[in-house]
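For reference, the structure is listed below as structure tokens.
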Amino acid sequence: MTITMLKSKIHRATVTEANLNYVGSITIDKNLMDKANILEYEKVQIVDIDNGNRFETYVIAGEKHSGVICLNGAAARMVQKGDKIIIMSYCDLTIDEANKFNPTVLFVDNKNNIEKLTNYEKHGEII
């Protein structure tokens, strides 16, 4: 038996673009992808903090250190430029693996610069 666990999370990223006419996906700054342990073409869940939308897409790499977070294609209708989003990927692990596993959690500022990288998320409110 396996269980689906949080693998990677980029918390409170700011949407820099929404491009309806691009082939569907989310473009993420390659540096953020590398630090968060997210691969190109990996399936991700997006949660828009501002409007509550939740949806899935896949990742394409954006220019390193550009801060780009761009929703493309149909996903562009789910967000607006400036929205805060949470980007999450998951993995399937056995129970034994899950008990030893820690996710990669990346906190970013308003310009999508890395503020904190951790393997643990303290539960509580962010002010």
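Using the three backbone atoms N, Cα and C, a Cβ is placed for every residue, glycine included.
From a predicted model like this one, the values you see are computed outputs, not experimental measurements.
Under the heading pyruvic acid (Ser), Swiss-Prot lists Ser25, citing sequence analysis as support. What Swiss-Prot lists as active site, schiff-base intermediate with substrate is Ser25, and the listing cites sequence analysis. If you look up Swiss-Prot, you'll see Thr57, Gly73, Ala74, Ala75 marked as substrate binding site, on the strength of sequence analysis. The feature active site, proton donor is assigned by Swiss-Prot to Tyr58, with sequence analysis given as support.
What surrounds the substrate site, by Cβ distance within 8 Å of the Cβ centroid and not counting Thr57, Gly73, Ala74, Ala75, is the set Gly24, Ser25, Ile26, Phe55, Leu71, Asn72, Ala76, Arg77, Met78 from the same chain. For Ala74 (substrate binding site), other Cβ atoms within 10 Å of its Cβ number 11.
Thr57 (substrate binding site) sits 5 Å from Ser25 (pyruvic acid (Ser)), counting Cα to Cα. Of Ser25, Ala74, Ala75, all annotated as recorded positions, the residue with the shortest Cα distance to Tyr58 (active site, proton donor) is Ser25. Residue density at Ala75 (substrate binding site): 22 other Cβ atoms are found within 10 A of its Cβ, drawing on all protein chains shown. Around Gly73 (substrate binding site), the same-chain residues six or more apart in sequence whose CB sits under 8 Å from its CB are Asn19, Leu20, Asn21, Tyr22, Val23, Gly24, Ser25, listed in sequence order. Thr57 (substrate binding site): 19 other CB atoms within 10 A of its CB, across all protein chains.
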